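Annotation source TrEMBL lists transmembrane segment at 6-30, 50-70, 82-104, 125-146, 158-175, 187-205, 237-255, 276-301, 321-342, 412-433, 440-461, 504-527 (among others).
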Amino acid sequence: MEVKNFAAWDYVVFAALFIISSGIGVFFAIKERKKATSREFLVGGRQMSCGPVALSLTASFMSAVTVLGAPSEVYRFGASFTLFFIAYTFVIIFTSELFLPVFYRSGITSTYEYLQLRFNKGVRYAATVIYIVQTILYTGVVVYAPALALNQVTGFDLWGSVFATGIVCTFYCTLGGLKAVVWTDAFQMVVMIVGFLTVLIQGSAQAGGFHNVLEQSKNGSRLNIIDFDADPLRRHTFWTISVGGTFTWLGIYGVNQSTIQRCISCKTEKHAKLALYFNLVGLWIILVCAVFSGLIMYVYFKDCDPWTSGIISAPDQLMPYFVMEIFATMPGLPGLFVACAFSGTLSTVAASINALATVTFEDFVKSCFPHLSDKLSTWISKGLCILFGVMCTSMAVAASFMGSVVQAALSIHGMCGGPMLGLFTLGIVFPFVNWKGALGGLLTGITLAFWVAIGGFIYPAPASKTWPLPLSTNQCVPSNVTVLVPSVLSSRPPIADSWYSISYLYYSAVGCLGCIAAGVIISFLTGHQSGKDIQPMLIRPVCNLFCFWSNEYKTLCWCGVQHDGGTEQETLENGSTRKQGTEMVLQNGLRRKSLVRGPSCNSKGKSYDNVAFEKITHF
């Protein structure tokens, strides 16, 4: 394809993104220089408010994968992508009401500390290693996506932009810690919205107006959103997106260190929950922008599809190509779009680097060296940021072989995030599950998820299940037209057309449900966990969410856990006698003076009440 180069104003707009992002890191490095503790660096002193955290969460997970990949998905497969709003809604509700209260009240810094408190060190370390691998793989995809966009629209060296992204992210993350990450994310979220809006306004104008976009999209079958076909082999249906998407994104939000770390950095649990719900609004806004961008792009290219005609070589190049077409005479706006794509990447990569540094420091360094000084701890944390910045940037090379950025990113989260979701669900929802069940369930879930995902990569699903909607090349230049036909694979095993062909959105569900089923069975076979040995703040049976359930049923769900009284100190002491060597909650640098009351229902106010750790003072 012919590369259309940036104008001077494009470079100015694009460079401004990097300069401002780096400047935020420098600002917080100077402002917080007298608070040089690992706690301040990794969780912002637990004094963040809900607003910037909400913007940060949205920016981090609506990355360049969404900016580039989602419109391409809508362009090829239709607006069924809109159904993700159902999945996002369920994900935020479950995260804020089921998982977040346990993590926030236990005072942990790394989510995997919870696994040691609930089970043992072995389970904690196994989960930490899996998370590190998952995050490095995912971040590689996220780094590669905007680099591809920049390469397509400007001819700028692909790998030069990859390393520029890694260097800038590592720079401001290492200097400013979590506060720099959160506030930079907030700025980058604004850039993403502005970038999308410019594409929507100019694109709809060139496509004949908003009404024409909807009418042409309907004629092209792009508005057939709801398909209740229950076939799990179909790539996108109502069930694969709403059910499979919920499992996939719950693994990303509910138990992911990057998400939980920012939530627990909030000054109160209420602020943390508000951050999640405000973030839901942000997710909806970005989703709507991405869907309409895809529809506008379809109408613009409906008579000459640049993908099947060979003008571009991959579907993920559609959006940058479209931008250069509609902004050909408007210097500065292509730079704004690329800044939009890079904003998503910078926020995601910085959050990943910070989260990786946190889990490594909390789960490995502090376990081996529990008496490090604050100054040394901070320098080690910064060194880990640099290390993981290099590793995540290097993984972008592998991402170039993974195909569709959306499918690659969600497949990675499905393979690793699903089993992790199952593991935390076992600990929080099922009090009787023991450490053997947890570890066995995790291994089972990982095995099942990787089996189906790798099998699907080697033996792609039949074209009838994944082939895009019709795309026309009638008005393309004849010399450029190529015929795109489904690849034919020989000697496919029988399992390839069933198990290996399930939708990539179900990978997480397979891993999660496999983990839960195996964990429950193994726990009963090896002797279930005694309720009296479990700290009540570490579990949250489903009955807690429903005040109208009978006391008898609630007691049954708690499985003998003593949740009706006792002080926090007694709870911690009981836990420490069973778990020798655990860091416990107090290693987070906090002294808590409140009483712990087990989850209960306020019969007068009909509201859930589970107050813990309300009064906090520092050592």
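The backbone N, Cα and C atoms fix where each Cβ goes, glycine too.
Of the candidate ranges 6-30, 125-146, 237-255, 276-301, 440-461, 6-30 contributes the most Cβ pairs within a distance under 8 Å of the transmembrane segment (321-342). Residues 81, 141-142, 145-146, 148-149, 181-183, 185-186, 188-190, 192, 195-196, 252-253, 258-259, 262-263, 265-266, 271-272, 274-279, 282-283, 286-287, 290-291, 293-294, 316, 319-320, 340-345, 347-348, 351, 404-406, 409 of the same chain lie 6+ residues outside the transmembrane segment (50-70) yet bring a C-beta within less than 8 angstroms of a C-beta in it.
Counted over residue pairs separated by six or more positions, the transmembrane segment (82-104) shares fewer than 3 Cβ pairs under 8 angstroms with the transmembrane segment (187-205), which leaves the two as not touching.
Under 8 Å from some Cβ of the transmembrane segment (504-527) lie the Cβ atoms of residues 232, 235-236, 240-241, 243-245, 247-248, 250-251, 407, 410-411, 413-419, 421-423, 425-426, 430, 432-434, 436-438, 440-442, 444-449, 452-453, 456, all in the same chain and six or more residues away from its ends. Counting residues 6+ beyond its ends, the transmembrane segment (125-146) has Cβ neighbours under 8 Å at 63-65, 67-69, 110, 112, 115, 161-162, 165-166, 256-258, 316, 338, 341-342, 344-345, 348-349, 352-353, 355-356, 359-360, 363-364, 388, 391-400, 402, 405, 408-409, 412-413, 415-417, 419-420, 423, 439, 442, 446 in the same chain. The stretches the transmembrane segment (158-175) and the transmembrane segment (6-30) meet in space: the count of Cβ pairs below 8 angstroms, excluding pairs fewer than 6 apart in sequence, reaches at least three.
Note on the transmembrane segment (187-205): residues 17, 20-21, 24, 55-56, 58-59, 62, 67, 213, 282, 285-286, 289-290, 292-293, 296-297, 300, 322-323, 326-327, 330, 333, 336-337, 339-341, 343-344, 346-347 of its chain, located 6 or more positions outside it, place their CB under 8 angstroms from a CB of the stretch.
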